[in-house]
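Listed features, source TrEMBL:
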{"type": "DOMAIN", "residues": "1-352", "note": "domain 'ELP1 first N-terminal beta-propeller'"}
{"type": "DOMAIN", "residues": "391-450", "note": "domain 'ELP1 N-terminal second beta-propeller'"}
{"type": "DOMAIN", "residues": "493-642", "note": "domain 'ELP1 N-terminal second beta-propeller'"}
{"type": "DOMAIN", "residues": "666-868", "note": "domain 'ELP1 alpha-solenoid'"}
{"type": "DOMAIN", "residues": "875-1018", "note": "domain 'ELP1 TPR'"}
{"type": "DOMAIN", "residues": "1035-1184", "note": "domain 'ELP1 three-helical bundle'"}
{"type": "REGION", "residues": "1088-1122", "note": "region 'Disordered'"}
{"type": "COMPBIAS", "residues": "1093-1106", "note": "compositional bias 'Low complexity'"}
Amino acid sequence: MRNLKLLKSLRSSELQGPGSPQCLAVRADTGSLLVASHYSITEYDPRTGQVVSEASLTAEGFLPEDGSGMVVGLQDLAELESACLGTAGGDVVLFNFNTCQLECVGSVDSGLTSMTWSPDEELVVLTTGQETIIMMTKDFEPITEVGIHQDDFGEGKFITVGWGKKETQFHGSEGKQAAQRKTQPAAAWDDRTPRVTWRGDGQLFAVSAVCLQTGARKVRVWNREGVLQATSEPINGLEQALCWKPSGNLIAITQRHPNKHSVVFMEKNGLLHGDFTLPFSKDQAKVKDLLWNSDSTVLAVWLEDMTAGEDEQVNTSIQLWVVGNYHWYLKQSLDFSRDSQKAPVCVCWDPERPLRLHVVTRSWISVTYDWGWTTGRSPGLDATDNANVAVIDGDKILVTNFRQCVVPPPMCSFELQLTSPVNQVTFLCQPQRTNQLAALTSDGQISVYSQGGFACLVAMTAITRMNESGIYQFFHIHVVNLGLCTVCFYFRSEIEVDGVVVSMIHCSQTGTVALQLEDGRIRKLCWDRPEPSVEDWRDSSGCAINFPVPCVQTALGSISGEEYLFGLTDRSHLYAGDTELASNISSFAVCNDFLLITTHSHTCRCLQLSVLSVKGLQAALASDGGQNDETLRRVERGSRIVTVVPQDTRVILQMPRGNLETVHHRSLVLAQLRKWLDSLRFRDSFECMRKLRINLNLMYDHNPKVFLENMETFITQLNSISHINLFLTELKEEDTTGTMYPRPECSPAQAQPVSGQKKVDVVCDALRSAMESMDPNKFFLSILTTHVKKSVPELEVALQKVHELRVNPPDAPGSVSAEEALKYLLFLVNVNDLYEHSLGTYDFDLVLMVAEKSQKDPKEYLPFLNMLKNLEPNYQRYTIDKHLKRYRKALHHLSKCGEEHFREALLLVKEQKLYSEALRLYPTDGAHYKALSCAYAEHLMEQQQAEQAGLLLWRCGEPAAALQAFASSSSWRNAICAAQQIPLPPDQLALLARDLAEKLTEQRRFSEAALLLDQYAKVRSSAARSCWIKWLPMKQLTAFLEAQVATFTRHRTRLAVVREQKEKARLDMLDDDGPDCPDAELYSEASSVMSGSKYSHSNSRISSRSSKNRRKAERKKLSLKEGSPMEDRALMYALGEILTTVDKMRVHSALKALVLFQFDKQAEKLQLAYDDALQTMEAAVPEVWPEGLQNSQAPLTGPNSTANSIMASFQQQQRPAASQGQHNV
């Protein structure tokens, strides 16, 4: 959907000579023109207007002096630094550029009718007056000479299987007469000379010549060795124009039909393959020549009227045709005046610049046209812009409204019919009016169209033109609407520009108008001043900015708040001002603060300009992108950007063959979603995310606090049970803003509103609370979903609500029934799981309701349920819990079933190892407790935990068994106490002491063995409890632990406040004094620690101190007083000390003593308090000692550092880490 835009046309009239030009060629190395006339050959540079070299053809006798001679071919030979020309008289002449000498390298007696060189300049084909073809090498050595007219078809002759003759075949609507119809001879104006054209690879060439028998033209294809390959079938109306497409197998020829004039395409086998119709009747004009450009994208058709006008002059024109999606578009039409002196006599494409066309008129005026590809898209940035794209197709403008629909070309939303071919189209750059367009036609008229339907015309030769002094002038046209159908144009201002303007771009947001000159210079048009002027484009530092090379496509955009002019060259280089961003760009567009590009590596990038610098853009375009890089996506090979729908997520791409594809680029989608979520447009966000398969967790993760505060707004906007349920079912704990959809660098991270709670639980609870307060009956299914979706599904609660709904059905309209609710619940949860959870509620009505909705056979569950109903309630619940493998609950219910079921309970405890739970269920002074303790002790003995087994046996009144357990575990103090409680005789006690001492000696516990032998080897009597290790009283331990936790929490809170104050002060100083302020770093945590240290200076007194004195001096500088310079360091040190103190508390010994003497509740309370303290401190470690802080505290090194200062700095960093390590141990 691209158009050809005329960038510049260079007209030069300095070239003059006798006669008129006949042949034209372009020197590829210098870009100068070679013009051969009836008298001479001239090398001319159109850029400087000077004749480089010239030689007379008549002086050497190659052409007659009366001007009747003719040059039939001209070719630049770069390797020989010469030009080769052929004359009708038969001479082949070389013109040396260095010496300006002419040399005849060969001659043909019968004369020459054409001379054509191969694209690689290795071969030359000459057609002679005797209707022969001579093929020669570049050294002019003959290869072969054959006749043009051959009776044989060629080597590619078709194979026939004899299925009838041509006369008996079907010929369509023409009937049988088509088989007997003779081929019509060539047109009367045909010059009847052979035409030769080469394929782009130089392997084949085609010759069009008038057949001697029929008088009609016939095309023959020859290979590089001069062997005939194929001959075209007889075709009526073939004309002389012939050109082989450089990159392809199609030969373009013109054909005159009874009712139309067409350009047809022929394959190398001589068969026709496609065509398009020229926009005039068959006898209106004749095609003088067809010319493909070097990259095969544009076909030039050189036309001349058949009949003269009233002034007896004929009109000449050149049309440029482009194909897309199998449709041929007329993109440009160059109309020359009826003056024969201004009519072109030589036309050729530039071999190096594909879109440059050279024209030389009869009066020796040379005109060079430079075109560029452009897309006529509306430049609007708001929702009123329809994302219109205008495509030029002759005298029609095909407009497609991409906001409403995507219509594949060549179709469109609507057509605008004009009276003349259109050469240029543009849209208005004013807010709210960007759907209006203006068209410039080939006859110099401007047509303006708007959505209201009015159209107006104004006669004008050009908007930008060069005056007589060579200075370009810019005319600002103002449009005034005088009524419903009357529109007036007038020139508002005229501004001179010191150069050739090749492009102009206007930004409706800033009002900036940028001009690009032919050499890449950028100018800013200040047209809103009383005296409009043109000035240099400058950056924020005042330096002039220009493109290094001219660009064919330009656009204005702001990078980090500074306006830049983007430009794309024909060599795929993208520039922002004078900075090259990338070198593999195929297309780009700027829309809504985004730069979208497609690359030759088949990717589409979308970069937000407001958050990137120029260097950031370069780095982003140079990177390959990560796994979750939202700025990058793969596209089809050769894709180009057509347009971007403003305030939307759609990007329209066109493929090389012409079809369109609509993609929703992830960057545009996420940017639009973030805007909608910030403005609380939850419904628009939800619809977009559902359609484009964006994870719905983003609705919460984008800003959790705002989402939870506007929960009722979210429910009201969605207003759909299915949509709310879809959102709930997609919830997961992952933060999508950190994984799938990373936040932009400029946006701050949103903190979780509820710490310590899981995200899914928070959202489910908040949604359920809001729905229950709004309309619990309407949102009943969604409320069930919130119970099921929680991290620990609340299936019992959901089933209970369904049961209540069944018992008390609501009368409100729109309420769901219990059957519908249960059916929905079965959709969310597996039926077997739901059946088991319903059984766990001990509600048999609910169980039956679930079972009836399942696929279970009643024979499977009815006997079991009937059996349960006949049991005692506690034993019934025990049976259900055991069936559901909820053994703890089963034990709890079984303990209430009485004495007769204790043996079953003991068996359950042993099987499931529920000893601790069982001991809590029975009184400590009962026989059941003793039996459970003995069973537990046996289990502990099997687990090699003899000491704990002994404690249990001792407390349940089994000192003899406890003595054996203590003795086996070498717990000698407990063993002596148990022995004295039995009591053992003195000799047996001494024997026990000696046995225990022997075991202690084997374990290298010599001091304990010596103490044991000294005190208990003889008879000693003392109380059992006096032998126990001294331990801190329970109340003192608990109070001390609570005090440490309170102090830790207070210091932790104060540390966060101090760090926040220092960071704020540092940022304020940076804002006031700039980034080079020497005091700014004093406010960071790392530097505040370092700045307080004096070890960075050489000091003999410090080096002489002992390590103990150094630590003491360091601690003196740490003050917990609020506002002290190193308060944060002091707080960190104090927190580390608390961690070490709590970790070293001998709680284990105290717990054993409490358990031994049956203070179970006090032991449990102490253990829970200690666990809570450890968890609190462990959770605070990353906050108090963050990883970044530890990394930033590098040892002080440098030329002014000493060994002592480096060591002291290192020790300062290791102290918090050591405290953390001790806590973890």
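Cβ coordinates are placed from backbone N, Cα and C, and glycine is handled just like the others.
Annotation: stretch 493-642 has the most Cβ pairs under 8 Å to the domain 'ELP1 alpha-solenoid' (666-868), among 1-352, 493-642, 875-1018. Each residue in the domain 'ELP1 N-terminal second beta-propeller' (493-642) gets a DSSP state, and the totals come to 12 helix, 75 strand, 63 coil.
Simply put, out of 1-352, 391-450, 875-1018, 1-352 has the most Cβ pairs sitting under 8 Å from the domain 'ELP1 N-terminal second beta-propeller' (493-642). A mean pLDDT of 87 is what the model gives for the domain 'ELP1 first N-terminal beta-propeller' (1-352). In terms of DSSP helix, strand and coil, the domain 'ELP1 N-terminal second beta-propeller' (391-450) has 0 helix, 29 strand, 31 coil. Sorting each residue of the domain 'ELP1 TPR' (875-1018) by its DSSP state yields 112 helix, 0 strand, 32 coil.
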